[in-house]
Amino acid sequence: MKSPVNVAITGAAGQIGYALAFRVASGQMLGPDQPVNLHLLEITPALGSLQGVVMELNDCAFPTLNKIVATDDAKVAFKDCNVALLVGARPRGPGMERKDLLLANAQIFSAQGKALDAVADRNVRVLVVGNPANTNSLIAQRNAPNLNARNFTAMVRLDHNRALSQLSEKTGVHFNNIRKAIIWGNHSATQYPDLHHATVDGKPALSLVDQKWYAETFIPVVQQRGAAIIKARGASSAASAASAAIDHVRDWVKGTADGDWVSMGVPSDGSYGIPAGVIYGFPVTCKNGDYQIVQGLSVNDFSRQRMEATHKELLEERDGVKELI
Ligand SMILES: NC(=O)C1=CN([C@@H]2O[C@H](COP(=O)(O)OP(=O)(O)OC[C@H]3O[C@@H](n4cnc5c(N)ncnc54)[C@H](O)[C@@H]3O)[C@@H](O)[C@H]2O)C=CC1
Ligand SMILES: O=C([O-])CC(=O)C(=O)O
């Protein structure tokens, strides 16, 4: 039997947390042969509700669930954690942009960065889901100077999956046969969903759809999907966000499929002219528990303009939290 992996989930009694904890506990993230210790963090007033989640998790009798720690102390939750899923943060409501949450949520990520720095496993893999995810990930990273900076990532996988879903609906081809979509940049309305390298049943995606649909329907629909879900449900995406978090960490730890890539918000290494350090959505492949930014893709003017616009927004967000990074 493998030794257990410690997985911390913040905001574990919230909408996403409630979907995510059960999927992690049941082995859907790290595999059916990998026991997990769940470290669940909530704010003090939510501890009662968190206790209910703990009771339900125990009642599932998952073979892969070894132990649960439920706490309102970040240093207890992050102690020796190998994977940290930073979900706990305020969600937006109708009419807001995700960056409107920055002031409300930024403090959470500076405090949690410090707590991770103090007590987490030195190779902890961090996924920030709480919005605005890229900038919150940067804040956590900058507050954890003793951890591996590459391991601070932000979730654009939901956007990636949304791109597959839209293209599948348009072409009538199942997502399983769609490869190499890309989400560049920020998890926001400026993100750039790029189909220039995508294939559908092995054919170039852009040879199957017209440019007008790509530019005027596909891109805005993917960019605005979060807002469309809020309008329809009266609450932001939760099960699909949890599912994307599972996909992100599973692929990072266990590797991406041959001949495909996924999108992850990761610190730039200067690739594609995005200055080093910015946490930006890139196409990546994963192997042996590490990720690599896909190199050598051609970028035309249409793409370059959009990649710059989303980068510019990230710089503006960063300027807004200068004192925390
Ligand atoms: N990156 C992405 O693709 C997506 C990101 N999100 C974001 O994820 C975040 C969570 O969304 P929901 O679960 O729907 O919100 P929610 O309000 O249902 O749950 C958030 C939970 O976090 C807890 N929390 C607040 N501060 C905390 C702290 N300092 N430590 C630990 N827990 C804390 C709250 O008590 C609450 O239970 C939001 O910021 C939302 O905008 C949502 C969907 C997709
Ligand atoms: O739109 C929101 O506020 C929640 C979110 O990030 C998403 O669904 O992509």
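Every residue gets a Cβ built from N, Cα and C, even glycine.
Just so you know, TrEMBL annotations never went through curation; they're auto-generated.
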Original post:
Which of N37, N58, N131, N134 shares the substrate site with R92, R98, R162 per TrEMBL?
Top reply: N131
Subject >> Between G130 (NAD(+) binding site) and R98 (substrate binding site), the C-alpha gap once rounded to whole angstrom >> reply: 10
Subject >> Collapsed DSSP category at R92 (substrate binding site) >> reply: coil
**OP:** Which residue among the recorded positions R92, R98, R162, H187 has the fewest other Cβ atoms within 10 Å of its Cβ, if you could check?
**Re:** R92
Original post:
Which residues does G11 (NAD(+) binding site) neighbour through Cβ under 8 Å, counting only same-chain ones at least six apart?
Top reply: G17, L41, E42, V87, G88, A89, G130
**OP:** Round to the nearest Å and give the CA-to-CA distance linking Q15 (NAD(+) binding site) with H187 (active site, proton acceptor).
**Re:** 19
